[in-house]
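What follows is one structure encoded as structure tokens, with my remarks underneath.
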């Protein structure tokens, strides 16, 4: 009766492939049919039958467990199960298979309870399977506890528990279990070594120890499994020589062995060796797999080998591997690195089976190419085609919005992150913080930061950097909060927060930097020096720099040289930079700018030639100094040469600041046509671009054209500033447009709210007096809200004198 009561309503909760609960019921045992046969039959039915009532299944399973507990120690129940134990050993495997497929913890516990009722004298494979089931369900503590309580173990027992620990990244525990296995005199198998060698935390020394054991046990000759795992370890650590030697000594290889070495060569920059090995694989008539192509394509992409990339593309099509998403994505990534977005976009269109990775690659490519509008267009297309964005997709899209300067897109993507449950992700949240900070939305940025579930140093630094760039003293408070919560700031944290500190806070942070050991870091040291200088403590900054460890690293030396340069001390600037063993681009720029400030134009050109001989590529600051020199000398030939160099170095004549200077330089050198041409070819324009063009047209006497450009600028939404009005007034003065000029002067304050400065009044007075409007000029001077200076009176008198002479004639 006890056995009948035990099994008449027992259930096992399992899960089918559709993740719907399956109820395994064992009904009405009869002496004529053994319960083990009934279990096998019900297990087969359970694999294809599912119950739609999930709640009922869960309740039934709980009832089952409730019935197990009081009956486990029932004396007649033990006698009943022992009678059929032999059959249970043979027919228990289907139940383990069903539980493994179902991935149900409740079903596994029920099966575990069932095995307990059979007594302690069970075969080893039962406990091994239970350990494997618990480990696969993420219940490693239960699996380990069960392993420790096993009355009998074998090599499979140790392999199972070692594999469970390696898959959870517990390297030390796995190594301890391996040592225990060796002490128990169990011979490790290829699966033992494969699990241990897959550990990311395993170092080369441990790898060499395992290699000795593999050779001792003879597994290196038995199959390629152990050797391939060892090869993967050498590849991860960049020990290419050892990996190549092992590969040559392996008597048995498979395609995975070849792929491991190809990937190792590609990962560590030996793309040529990767290609040689790939060709050798083909020469031995071994069919490359998708991972073969993935490995060799990553190496080609790193070294931008165009020819090899095209050849591999042909082989991918020949072998039909283009249908594998991983191969198509690697091919797409290679084209992005080797050919840029133009050809990569065509390859992307040809990809038949796209996945989220494909979209991430092409979206990231357009962001890297500084085309955020195209990246956002692809993001929206991806959503419309039904793809679910990943973490990387959202980060790329948010970065696009940060560069595209249209906040509405960013808010739309923010809403999408909330809908897809990514707002708490640290990477997505950090990108959102950076996005809102760039638009001065400090409150929204802080809300996004607070929603991040697990914050890291990057997210804290993004928040601090945002407040610091907005000149908010809250950055210091956030640093204090970070310290209070146990986060230790790094050199970037200090370099950012020091920009917005008062002198008292600066000295406190100086002490903290010393205490945390960051004083030797060149970035933290540079920020300290720059912060002392920014707070007006230039003498303290110089004293602090001179008393620090000499010679200073290049970055702090550049800071000190820049301070001397701004103070006009050219000799001291040269002195500090001469202490640097290898000048970087910032050092050269400071030196060139100092020479230009000192008026030594010939030396500027000599320094630029020396910089080129040192293989230092010029940047926008270098070109700014050189173009300014050309403007000062009015040397059109030299300016054209510098312009050609800008185009040759692919500096993207797209840099708006450099293009503005080129517009101004050509105008001052007498080539108005070149000035207008550069302006028209500019893809990005700002208010300074329009100001430069208006000034150029006015300088050459095209006053009407200058005013037309002024009105065009306003129609496009650009708001003129004081400098723009000055350029337009100067154009009117050169062209004799008195009424138009005075109308502009009137609009400055009435329409644009810009209070005229002394230079504006001087220009207006000169315009009036030059063309005989002396009374209006006098009234304008008398109505000035500021005290007229000597320049404006001299302008008035010169105009009066000029008009008098013309009248007498």
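A Cβ is built for glycine as well, from the same backbone N, Cα and C atoms used for every other residue.
Just so you know, TrEMBL annotations never went through curation; they're auto-generated.
Taken from TrEMBL, the feature repeat 'PPR' applies to 154-188 (among others). When DSSP labels each residue, the repeat 'PPR' (154-188) comes out as 26 helix, 0 strand, 9 coil, counted as helix, strand and coil in that order.
For 223-253 (among others), the entry in TrEMBL reads repeat 'PPR'. Helix, strand and coil residue tallies for the repeat 'PPR' (223-253), in that order: 22 helix, 0 strand, 9 coil [DSSP].
Same-chain residues lying 6 or more positions outside the repeat 'PPR' (254-288) and placing a CB less than 8 Å from one of its CB atoms are 224, 227-228, 231-232, 234-236, 238, 240, 243-244, 247, 294-296, 298-300, 302-303, 305, 308, 312, 315, 319, 321. What TrEMBL records for 254-288 (among others) is repeat 'PPR'.
Restricting the average to the repeat 'PPR' (355-389) gives a pLDDT of 89. Residues annotated as repeat 'PPR' in TrEMBL: 355-389 (among others).
Annotation source TrEMBL lists repeat 'PPR' at 584-618 (among others). Residues in the repeat 'PPR' (584-618) partition by DSSP class (helix H, G, I; strand E, B; coil) as 26 helix, 0 strand, 9 coil.
Listed by sequence, the residues of this chain that lie at least six past the ends of the repeat 'PPR' (655-685) yet keep a Cβ under 8 A from its Cβ atoms are 620, 623-624, 627-628, 630-631, 634-636, 639, 643, 646, 692-693, 695-697, 699-700, 702. Positions annotated as repeat 'PPR' by TrEMBL: 655-685 (among others).
If you look up TrEMBL, you'll see 686-720 (among others) marked as repeat 'PPR'. According to DSSP, the repeat 'PPR' (686-720) comprises 26 helix, 0 strand, 9 coil.
As annotated by TrEMBL, repeat 'PPR' applies to 721-751 (among others). Here the repeat 'PPR' (721-751) has Cβ contacts under 8 Å with residues 687-688, 690-691, 694-695, 697-699, 701-704, 706-707, 710, 713, 757, 759-760, 763-764, 766-768, 770-771, 773, 776 of the same chain, all six or more residues outside its ends.
For the repeat 'PPR' (355-389), the residues of the chain that approach it from at least six positions outside its boundaries are 325-326, 328-329, 332-333, 336, 340-341, 344-345, 348, 396-397, 399-401, 403-404, 409, 413, 416, 420, 654, judged by C-beta separation under 8 angstroms. Secondary structure of the repeat 'PPR' (254-288), assigned with DSSP and counted as helix (H, G, I), strand (E, B) and coil, comes to 26 helix, 0 strand, 9 coil.
A Cβ distance under 8 Å defines the sequence-distant neighbours of the repeat 'PPR' (154-188), meaning residues of its chain 6+ beyond its ends; these are 124-125, 127-128, 131-132, 135, 140, 143-144, 147, 195-196, 198-202, 206, 213, 217.
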